[in-house]
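Enquirer: Below: one structure in structure tokens.
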């Protein structure tokens, strides 16, 4: 098995090498035929898009291309390209990651998850609700990937108590049951004796076993998909929740420096209701389509077993320690500082300073306290701090930070070269005068594109164009930019679309159709909800009826 996989891996590596060499050469006509700043910038964007999709080099490494090619092609200077990799928005993201690592280190996220599951009860539909609510909430503050990875072992423990002893095979292939059960663990370790297995075999026909296995597979897929869906959606709830949200913040600050429409509190006021709406629809869909099919396997005995499992896992955590309490207090302080920095309803703390204070300042300031405060103040001399730098080095996804920076550099190049304006004119040539039609077209296009490439990359390429398009159409920029940004997170169809999808896909041993079929409907429903909400509730929050002065004074170069 291992030897057979080696030639395949070698062939893939060779193909990626050839692809990585040929793509820059095949794209040269873009420069040679146009020979303008727009075409040179377009060459870099097309090259990076091709590399992002196939990954002949790592995604983060691709994101460093602007530092090399933009200066060589005369698009922007090296300093301009490099400065985007650690701007205020990226520093805000770094601070958020530090806090997220602290939450994971003290197991605060696990305590939240188990408390929610104890609260909702052990019935399948309500457990899925618990999984989704927990993933949604945690994804607002920590990475979507970490949230999903947290839920998978809990889901597998739940399924094991429901009688799913072959937790690694959910493809409804009964012939593989014995192999998988041996690979995972002996039956005796699961607390089921050989005698009981024989009795079960006598009592159940082969058809009944197959039927039970199929229902187990359906239920487990529903639980895993619920975690992936809610993690993807939950990231839209806060400005720091996921990469595209930070991209819209950065693009807005650059193109519309006088705008005050994209504050932390205003983003939450609009997006949290949209997020809740989408998660509720996803929960209802999974319960109606999937859970109902598997309801017959749920018994009173299983219900009691699940209660005990959740209770036992919660007891293993013990009482809340000082470390958890301190991280909770600092986390709450950071959120409050973000919300009250410059709210519209009162004078914010940031307004009392002579120069502008951005969200990056508290995002870095509060996590710095994590390195100072001891985990156990009673053992001050021997206690480690709440967070150590070596933990940061190991757990912070530095590649994502570079990916964001590369996108910001790409957006700056598109703006400075005039490529954004060129693309805007081509879209305007389609003569789509209806704002509803335009926002629908852009949202659908974005949701499709983000299935095949990074949501951060998608946002970085599209948002500068969308911003200029809104100004050209005399529309409030947020009317187009927010739905496009949120649509970047609506990637439910393919395992490669987002890390949460990949985790659920792998844990559930799914095939592509297991994710594609429900994912298509999820994409359609969530995009439709976003379009509806931006045209109704969004108008109340942002006032889309008038074209803002700060957008009118913007001059695109």
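Cβ coordinates are placed from backbone N, Cα and C, and glycine is handled just like the others.
So TrEMBL has the following annotated:
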TRANSMEM  12-32  transmembrane segment
TRANSMEM  44-73  transmembrane segment
TRANSMEM  85-103  transmembrane segment
TRANSMEM  123-142  transmembrane segment
TRANSMEM  222-247  transmembrane segment
TRANSMEM  267-288  transmembrane segment
TRANSMEM  322-341  transmembrane segment
TRANSMEM  396-414  transmembrane segment
TRANSMEM  426-449  transmembrane segment
TRANSMEM  479-498  transmembrane segment
TRANSMEM  519-538  transmembrane segment
Enquirer: Near the transmembrane segment (85-103), which same-chain residues lie under 8 Å Cβ to Cβ, leaving out any that are not at least 6 residues past its ends?
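Expert: That would be 67, 109, 141-143, 146, 239-240, 243, 246-247, 249-250, 253, 327, 330-331, 334, 358-360, 362-367, 370, 386-387, 391-392, 395-397, 401-402, 404-406, 408-409.
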Enquirer: Using a Cβ cut-off under 8 Å, which residues of the same chain at least 6 positions beyond either end of the transmembrane segment (322-341) come close to it?
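Expert: Residues 95, 99, 102-103, 106-108, 111, 141, 239, 263-265, 268, 348-350, 357, 359, 362-363, 366-367, 369-370, 373, 375-377, 386 contact the transmembrane segment (322-341) from elsewhere in the chain.
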Enquirer: If you count every Cβ pair below 8 Å, which range out of 123-142, 222-247, 396-414 shares the most with the transmembrane segment (267-288)?
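Expert: Result: 222-247.
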Enquirer: For the transmembrane segment (396-414), could you work out the same-chain residues 6 or more beyond its ends whose Cβ comes under 8 Å from its Cβ atoms?
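Expert: Here the qualifying positions are 41, 44-45, 48, 58-60, 62-67, 70, 75-76, 80-82, 84-87, 89-90, 93-94, 97-98, 101, 143, 145, 243, 246-247, 250-251, 254, 420, 454, 456-457, 459-461, 463-465.
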Enquirer: Same chain only, please: residues at least 6 beyond the ends of the transmembrane segment (12-32) with a C-beta under 8 Å from a C-beta of the stretch. Say none if there are none.
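Expert: Contacts of the transmembrane segment (12-32) (Cβ under 8 Å, skipping residues fewer than 6 from its ends): 39-40, 42-43, 46-47, 50-51, 54-57, 73.
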Enquirer: Would you kindly list the residues that approach the transmembrane segment (426-449) from elsewhere in its chain, counting only those six or more residues past its ends and only Cβ-Cβ distances under 8 Å?
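Expert: That would be 458, 462, 465-466, 469, 472-473, 475, 479-480, 483-484, 487-488, 490-491, 523, 526-527, 530-531, 534-535.
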